[in-house]
Protein chains: 2
Amino acid sequence: MSKPLRVGLIGLGTVASGVAQILLRHRDRTRERAGRDVEITRVAVRDLSKSRDVEIPSDILTTDAMSVATAADVDVVIELIGGISPAKELVEAALNHGKDVVTANKALLCEHGDTLFALARETGRCIAFEAAVAGGCPIIAAMSQSMTGNQITSLAAILNGTSNFILTQMLHNDASYDDAVQEAQECGYAEADPSMDVKGTDAAQKLGILTQLAFGERISPDQFPVQGIDELELEDLHFADELGYAVKLLATAKLVNGHLELHTQPTLIRKERPLAQVDGPYNMIEITGDAVGKAWFSAMGAGQMATASAVVADIIDVAVGRAAITFPHLNLWQTEEKFQLQKSEDIERRYYFRFHVEDRPHVIADIADVLGRNGISLSSVMQKEAQIESPKAGEPPVVPLVFMTHNATEGQLRAAAIELDSLDCVQPPWLCLPVSDDQA
Amino acid sequence: MSKPLRVGLIGLGTVASGVAQILLRHRDRTRERAGRDVEITRVAVRDLSKSRDVEIPSDILTTDAMSVATAADVDVVIELIGGISPAKELVEAALNHGKDVVTANKALLCEHGDTLFALARETGRCIAFEAAVAGGCPIIAAMSQSMTGNQITSLAAILNGTSNFILTQMLHNDASYDDAVQEAQECGYAEADPSMDVKGTDAAQKLGILTQLAFGERISPDQFPVQGIDELELEDLHFADELGYAVKLLATAKLVNGHLELHTQPTLIRKERPLAQVDGPYNMIEITGDAVGKAWFSAMGAGQMATASAVVADIIDVAVGRAAITFPHLNLWQTEEKFQLQKSEDIERRYYFRFHVEDRPHVIADIADVLGRNGISLSSVMQKEAQIESPKAGEPPVVPLVFMTHNATEGQLRAAAIELDSLDCVQPPWLCLPVSDDQA
């Protein structure tokens, strides 16, 4: 039996406590799978006096995170504090001190992955990050090992469990967006400030990481369309449902005519597709490879133990030496350009438009005229009888109006948007979502 | 760059041709991911003169498979001929000659895995077998690496793409079982003799392999209930549908009160569950782990390129050295007993019964009496008006009769079956299927 693997935990929040629980309560099982003991030797916390649901001996607790990152009795540093700084400095220090690193920090990897991965290669260490994307779905292992016989041609994924929980609650419980967010917070799925989740940032960062693995390209979220679920009304989910679609916050990266097309947006997905059927705080990744065809991976996308499970798998991969082999072959964050990013304005899709309009003559004509002059052709129109009350007495009632379009480019859409904003008959805000017509 | 990995292919059928295509047509991409060249140096075929859809230089073709298994210029032997003999002798020879082995042969692993894995450990080689279970789903990698932070508590899986294709065709096209089998044969999903697929043997063998990985127990298909889809009528799929269920050939291994319960049977699954929604020649594995909760993996379960993709991933794992690390930690086919197999007669589930009965008084009472006296309690009864014609003129018409039961044991079921067989009012054959009430 080899020497024990000595683990330094940085952070002891929800996920880290889960990791500690598994390692402490299942020591024998972990030893069997790792081929050696896995011991927690140091733990950095913010507050020594805080009570926790896992028992850590007080003599290995410290508030000095850097001392854990650089400690002589630590072989692998588990960074679970999130955010960019001081996480970046701690990971750099760990690598420079000859430690391997396990992290669940997608923001850090998305923004500074290139620097950190280069440093790991220089120092001959590895960074394992299964837990950074899609919680309990082993998507990093799948892409970096199991799909190596393929060129991946498409990724379509639900990568934010919080948003998916909110959308599910809205539709199933006839709840408003605000009520659903509150419920997500009460269930522990959403932070007090849910912006990173509901505005699509979190999913877009994860898509950035997967895009690196699948296509070898470093693309940051400001280079492609990112739209959150916070613009959606409950009625949009109902309209989509009537039209045969579910609305999911869909992160997409795919090859289209040799160009790489990326976007992370609430998207109408045909109900028959597996992606449309994922409810609650779950994630699903649909991968298409040129050999395997389509494959699906689904599991809890957030939550203490699902993410802890991924972190522990990474720790065991480090312990048995698999991570040291896998990491150098990932070719992550290297800069041979192979696929050119499709310009946002050239991305071509169908769209769903929802307006609240005054219930008076010529409104449909006015809007259709704007769309038509911008080259956007309608495939269907749905107008419901007035349910929404007029905002002001004496004014005509307001009704929802839904258009589905044929293929149009994002550029055409943006040009039309400027005109739509200035139409008197349209109550702001109106909504436009892309439609995915990919088949299951 | 390391020395090339020299590959000896045994077999050049559908899957092997797919493997050769990937290795020959995507040499650069394979080199990048394997960290070295991967070269096919020898290929054993049955018939040298047969024309093929992949170009193999004639000087590396041979009909002498053993010469490939033992060749000095082969590092890894890819066994793709299937069946027990001579596959077993070839794999043994390869291991004894210092080769690693990649195989897709579930029958061989299920029956002789213990011997072969022991030999591989003795000779310091590895056996990689991702392609042996569930085609394009990387379930072996998921269980042996990504789930290592968990004790797996349950596996429920659609492992036979052919059966799933047949069941889908029957329900969606209102096709008889025989017509659907014929279509599966025409599409290349079923063999001329489809017995291994439709009788559940193939799925049961795969379940045996997964059970080894998940629970460390070697259990052969003759130790648990195995039932094929060949007893089903189209009407059963319709009745199940009306009751809110899909029928799938479900392979299950789960811990119930510390015992390991296994079965592979056409099973009624609630329509909301992901497993119920898998159509066509696809596989899905639903795993429950004590940390991660439920996770799903789905992809094509058969077919040339999906399986070839898994074989190539294994070859690359051998090339980079990952397989050599993973294999010794699998603890496969070792015999420390931890979980006792639940005796078949004690397995407790709900059941679906379908009879064709004479449409005359007291028939329901007679059947219900048999079930009741054997401790089987009914939860619902569905009798349709007569559609089936009387088999003989002058006799009463025959109608289908469906019972759903509360929980009952397999032992109670078997006792009842003997009495049911002797009831005059019941036309043979009648059908009984288990119902899975697990939630999504």
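Each residue, glycine too, has its Cβ placed from N, Cα and C.
A quick note: this is a predicted structure, and the numbers were derived from the prediction, not measured.
Features of the protein shown, as given by TrEMBL:
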BINDING   A:Lys106  NADPH binding site
BINDING   A:Glu191  L-homoserine binding site
ACT_SITE  A:Lys206  active site, proton donor
DOMAIN    A:352-434  domain 'ACT'
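Within 10 Å of the C-beta of A:Glu191 (L-homoserine binding site) we count 13 further C-beta atoms, all protein chains included. Taking a C-beta cut-off of under 8 angstroms and a sequence separation of 6 or more, the residue listed as 'active site, proton donor' has the following same-chain neighbours: A:Lys106, A:Cys110, A:Ala132, A:Val133, A:Ala134, A:Ala157, A:Leu159, A:Asn160, A:Ala251. DSSP gives the residue listed as 'active site, proton donor' a helix state. Confidence annotation: the domain 'ACT' (A:352-434) carries a mean pLDDT of 90 in the model. Around the Cβ of the residue listed as 'NADPH binding site', the number of neighbouring Cβ atoms within 10 Å comes to 26. Secondary structure of the domain 'ACT' (A:352-434) per DSSP (helix as H, G, I; strand as E, B; remaining residues coil): 23 helix, 33 strand, 27 coil.
DSSP classifies A:Lys106 (NADPH binding site) as helix under the three-state reduction.
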